[in-house]
Amino acid sequence: MNGVKNMQDNFRNPNDLVSQIEQLTKKTAVIPSLEHQLHTMKHREKVFRRQSAIFPSASSLDVSKAKTDNETVSKLTVELERVRSELERTNEINMAQKEEIKRQNRKILDLSTKPQKLVAIFQEEMQKKDELIRKLNDEVVDLRGQIRVAIRVRDFNKDPSFNFQITSQNEVKFQQNNFSNVFAFENVFQPGASQPEVFDDIKELILCALHGKNVSLIAYGPTSSGKTYTMRGESGDEKKGVIPRAIGFLLEQSKRELAVIGWTYNFDASFIEVYNEEVFDLLDDKKKLEMKQTTTVGSKKIPIKDMADVTDLLELADSQRSVATTACNQHSSRSHAIFQINIDGVHKSGETVKCCLNLVDLAGSERAKESGAQGKQFTELTKINQSLSTLKKCIRAQKTKMPHVPWRESKLTILLRDYLGAGSSKTMFIAHVNPSDASETKRTLEFTADLRSTNIGKATVQTGQ
Ligand SMILES: Nc1ncnc2c1ncn2[C@@H]1O[C@H](COP(=O)(O)OP(=O)(O)OP(=O)(O)O)[C@@H](O)[C@H]1O
Ligand SMILES: [Mg+2]
């Protein structure tokens with residue numbers, strides 16, 4: 001029992017084990033010398049006995065010497081036995097220790113390979129999760145086969161001439177005189193909805209851009225309904241809009257989840273505006289840009305590595321965008337602004353994606369009478385209303401499958417064409433309403449009904465080739 005206990009004690013402290021082994025080695029080294037001494041003594045005893053027989057008158061000196069030798073022999077024999085039994089016991093301990101060391105070594109080996117195994121399992125699960133999300137997302141979009149529409153409702157003063165009601169998470173009701181209709185949406189953002197809440201509901205769509213789909217988010221609505229507030233937002237973390245949140249989200253996703261499963265991404269951004277039917281580069285001193293098919297030629301592209309790049313870029317664009325104080329809005333956008341992030345992704349398997357995310361803040365429709373616009377502002381207003389009306393015409397033409405869709409009638413529709421019909425992409429309109437104004441609210445709701453029934457076909461992955 002004691003031996004076992006000693007063994008257990010020895011295993012507890014590796015230093016004790018080492019010192020025991022050292023002691024044992026020293027003791028083992030003594031054995032040959034003890035054996036040699038014993039052998040010599042035995043030999044001398046034999047010689048003495050023989051001499052005693054031949055010379056019985058041996059001196060008392062010899063007798064006492066022989067006695068001493070005898071005692072030494074006995075002591076040495078006892079000592080040798082003790083050392084031998086200790087050696088046996090220590091050998092047993094040694095064997096047990098060797099077994100234990102082997103066991104510990106196996107454990108260490110197992111532990112050292114465990115993290116690699118876990119990482120491999122984790123990566124595999126992430127890959128599966130990623131594939132499932134892509135598949136589900138595609139299925140949902142294919143089933144819908146149309147432009148998605150959400151609506152964001154601003155705080156409003158109730159106007160007794162009409163009734164506007166948010167009836168559910170997906171529906172609003174509009175009633176005026178004999179007109180009464182319920183309009184359905186992917187999402188209804190109530191007046192109290194915060195910027196993070198709005199972004200949370202659309203980020204799944206933004207993720208599709210990392211999966212290789214062209215994605216567009218378009219803020220639509222009358223002047224002062226909150227389009228710029230939604231897309232650009234205001235200062236302070238809580239009030240940040242979709243544009244800075246989307247870039248933060250893309251950077252975060254690409255550096256974390258997607259990096260784990262082997263994707264590497266590069267982003268660059270351009271920011272242009274359509275003002276009075278001309279296209280300007282908001283990142284390049286408002287340089288006027290020429291158009292080629294559905295793209296602008298030579299717009300400046302700024303690489304995005306982190307959020308600091310984005311903050312600088314957005315401040316630059318803010319300082320360049322055409323804004324004016326009108327009767328309806330102190331900071332009214334006088335242009336349609338298109339912020340585009342170009343995404344280049346490459347997977348370790350060699351697969352590539354090349355696509356873009358468009359975040360569009362349209363200028364708002366307004367009526368000349370109410371806005372009190374004159375001169376330059378009147379021209380702006382006319383151009384804004386014309387391009388928005390072309391946008392509506394194009395969508396209606398698509399809806400009714402007309403042979404001709406008037407894309408070329410405005411710069412805005414030329415630029416958005418690939419995201420509204422001809423190409424394959426995922427598009428979401430966020431319609432904004434300020435239900436203090438009956439006719440603007442009704443017009444916006446009717447436009448969204450057209451949008452929802454417009455089929456834009458199946459989204460396909462844009463590869464780098
Ligand atoms: N959901 C909201 N919560 C808080 N403030 C809002 C909200 N929506 C709009 N606002 C405020 O209303 C004002 C007008 O909003 P914004 O400039 O975004 O309108 P807009 O639709 O872009 O108008 P325009 O077409 O004239 O450019 C801003 O001062 C903005 O802060
Ligand atoms: Mg605006």
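For all residues, glycine too, the Cβ spot is worked out from N, Cα and C.
Features reported for this protein in TrEMBL:
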type	residues	note
BINDING	Gly221, Pro222, Thr223, Ser224, Ser225, Gly226, Lys227, Thr228	ATP binding site
COILED	73-146	coiled coil
DOMAIN	146-454	domain 'Kinesin motor'
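Cβ packing within 10 Å was compared across the binding-site residues Gly221, Pro222, Gly226, and the lowest neighbour count falls to Gly226. Residues within less than 8 Å, Cβ to Cβ, of Ser224 (ATP binding site) and separated from it by at least 6 positions along the same chain comprise Cys328, Asn329, Ser332, Gly364, Asn434. Excluding the listed site residues Gly221, Pro222, Thr223, Ser224, Ser225, Gly226, Lys227, Thr228, the same chain places Arg154, Ala219, Tyr229, Asn329, Gly364, His432, Asn434 with Cβ atoms within 8 Å of the centre of the ATP site Cβ atoms.
Checking the binding-site residues Gly221, Pro222, Ser225, Lys227, Thr228 against ligand 2 with a 6 Å cutoff on the Cβ atom leaves Lys227, Thr228, in sequence order. Of all the Cβ atoms in the protein chains shown, 25 others lie within 10 Å of the Cβ of Thr228 (ATP binding site). According to DSSP, Gly226 (ATP binding site) is assigned to coil rather than to any helix or strand. Minimal Cβ crowding within 10 Å, among the binding-site residues Thr223, Ser225, is found at Thr223. The Cβ of Lys227 (ATP binding site) lies under 8 Å from the Cβ of Ala219, Tyr220, Gly221, Ser333, Asp361, Leu362, Gly364, Ile430, His432, each on the same chain and at least six residues away in sequence.
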